[in-house]
């Protein structure tokens, strides 16, 4: 689960992390009061969407002006003008895709006199089962680009969960960022604060880009992005309360209600599979034969008829889907349950695109019989390769 920048900063502030003062704004009429509260003389007006690259992004609407999603204002009138332009407009960034995202919230923040910019992040390293830190002197930039062009400028290290953060971790960060004296001590303290926040709130990723040194000689978090471990949300009602469903794909929200693992993608072939590994293999082979998957969807091993029907409805609700591939290898999941769910869903919502079904495993004969006797226009497949070729061919023929 992701949250907005202003929410992330409020959370970090609880752990003593140095963040700039700011005020969230939902309506343009609130901008003037927010700016007056902060005092100026410089303000930063920030679009709040769940995507990076806001500063370099562009709004679709001409009325929003030519500037990006993060704007520097030198007067209260400018703050008001920017708020009026940006709220309700659609911001397109490198991470939103061409559709962009509507800006429904702003964060008006006090300006900072910046001397240096750094990159700092913490994330769960699944290979080591530890929290890893990534730091770089190249702040304010795309860290993937830095890793590609100048990997020597990135320093990483992990923390043993048995000991937690120790003083040498802080010194490692200070040394990597070339911070000495009081700034080095601030860096050591910051590492402990961020680690404590990460653990206490069950975060999956914490990214600060940039972490800055002000001209007053202070470390300050200028931008913060936090993702939480969804499996741990039951322990954090306060974090769940921060969820902004308007920033999430409606199909993904619906899928979560049925405990389905669903991720919307940009392709044209909808997929329903049991097992994450098989789902990824299915997506790969669709790409191999020249088309792209419209989603990742794992119905899991214990799916019921209703759950399968819900999954099918979610796939067909995507207007980009031009064909559907169902690939089931029944172990715990029974093929006849899948078949019952698909038939029930098709009878409710109809079927206007080609459908290929590949069933193998537990109760496979019963499953094939249910589909065969349903009267549905379904293309059966013998194996995954056959299924992928058939759905790609069927979609291309319809197009």
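The backbone N, Cα and C atoms fix where each Cβ goes, glycine too.
Within 46, 101, the residue that Swiss-Prot lists together with 53, 54, 55, 109, 112, 117 for binding ATP is 46. According to Swiss-Prot, 331, 332, 333 bind substrate; the candidate from 209, 231, 274, 377 that the record adds to this site is 274. The substrate site, placed at the center of the C-beta atoms of 274, 331, 332, 333, has further neighbours from the same chain whose C-beta lies within 8 angstroms: 275, 300, 301, 302, 303, 328, 329, 330, 334, 361, 362. Of all the binding-site residues listed here (109, 117, 223), it is 117 whose C-beta has the fewest other C-beta atoms within 10 angstroms. For the binding-site residues listed here (55, 331), the lowest count of other CB atoms within 10 A around the CB belongs to 331. In terms of C-alpha distance, the listed binding-site residues 55, 109, 209 place 209 closest to residue 332 (substrate binding site). When the binding-site residues 112, 209 are scored by other C-beta atoms within 10 Å, 209 scores highest.
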